[in-house]
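Take a look at the structure below.
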Amino acid sequence: MTKVIEALSDWQSIRKTINDLSVGFVPTMGNLHAGHLSLLERSKCENTITVLSLFINPTQFNDKNDFKNYPRTLAQDIAMAEENGIDYVLAPTDDALYPDQYAYKITNSTINNQEAEFRPRHFDGVLTVVMKLLLLVKPTRAYFGEKDYQQLQLVKGLAEAFFLDTEIIGCKIVRNEFGLPLSSRNRRLTEDQYQLAQRFSEIFHSDLSCDEIKNALIQEGIIVDYIEDYNERRFAAVHVGDIRLIDNIPFAKDKKC
């Protein structure tokens, strides 16, 4: 039976009772979809206990409207956790996770490209909340999707830099039948925007160069933040209407931009 925990002190008491068990952790901002469920299933396969967190982290939003419009589906998410046999759901409040009012934060002073360039202070918020959650949950393994690939690499670096006793595991992107990565933001797309998002996916996954992809997307009416190759992966961030979408794929060495 799934146990839902809001008070961090309650979780800390529970955590002491499962010290001898392997614990898998999937941190999310809720609005769960099949991509999240794939992370949870892997955790269940590899650990005795699985913990899911549902917390819309205010410090990682550089756009107040984006934070305001982020889907809030707590009851639905808890029901999905119960249906999928998740042991614990951690659903803290802002004040509980940020008793310091964000006076203390984790930052990476070397990252300045891709998401770091277009979303100022975003990764400060991400790394800070991930550090807090990892210290609270003390998981054996924590699972992150490769859709947010830059975030995944930073979290791995965080765990290594601070000697955290948690294995950070990246999991493959779950896509729809058109190749579009599953994302909570997709649910905010209108029917016309969804068609355009599919075109973004089709063009991005083509054999075109970065510049050719960018030009093709612009011709479709899609606003492009970046299309670039880095460390043998191709990355994209675009706007379809007021919805920002990201994606990344590995690429052959002879197909760099």
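Glycine too: its Cβ is placed from the backbone N, Cα and C atoms.
These features come from Swiss-Prot:
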type: BINDING; residues: 29-36, 145-148, Val174, 182-185; note: ATP binding site
type: ACT_SITE; residues: His36; note: active site, proton donor
type: BINDING; residues: Gln60, Gln151; note: (R)-pantoate binding site
type: BINDING; residues: Gln60; note: beta-alanine binding site
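Here the features listed in Swiss-Prot are painted onto the structure.
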residue : record                    : Cβ neighbours (10 Å)
Met29   : ATP binding site          : 19
Leu32   : ATP binding site          : 23
Gly35   : ATP binding site          : 19
His36   : active site, proton donor : 24
Gln60   : (R)-pantoate binding site : 21
Glu146  : ATP binding site          : 18
Gln151  : (R)-pantoate binding site : 20
Val174  : ATP binding site          : 18
Ser184  : ATP binding site          : 18
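When the CA atoms are compared, the binding-site residues lying within 10 A of His36 (active site, proton donor) are Val174, out of the candidates Gln60, Glu146, Gln151, Val174. The CA atom of Gln151 ((R)-pantoate binding site) is located 14 Å away from the CA atom of Met29 (ATP binding site). In this structure, Val174 (ATP binding site) belongs to neither helix nor strand by DSSP; it is coil.
Rounded to a whole value, the Cα-Cα separation of Ser184 (ATP binding site) and Gln60 ((R)-pantoate binding site) is 16 Å.
Cα-Cα distance from Met29 (ATP binding site) to Gln60 ((R)-pantoate binding site): 11 Å (rounded to the nearest whole number).
Rounded to the nearest whole angstrom, the C-alpha distance between Gln60 ((R)-pantoate binding site) and Glu146 (ATP binding site) is 18.
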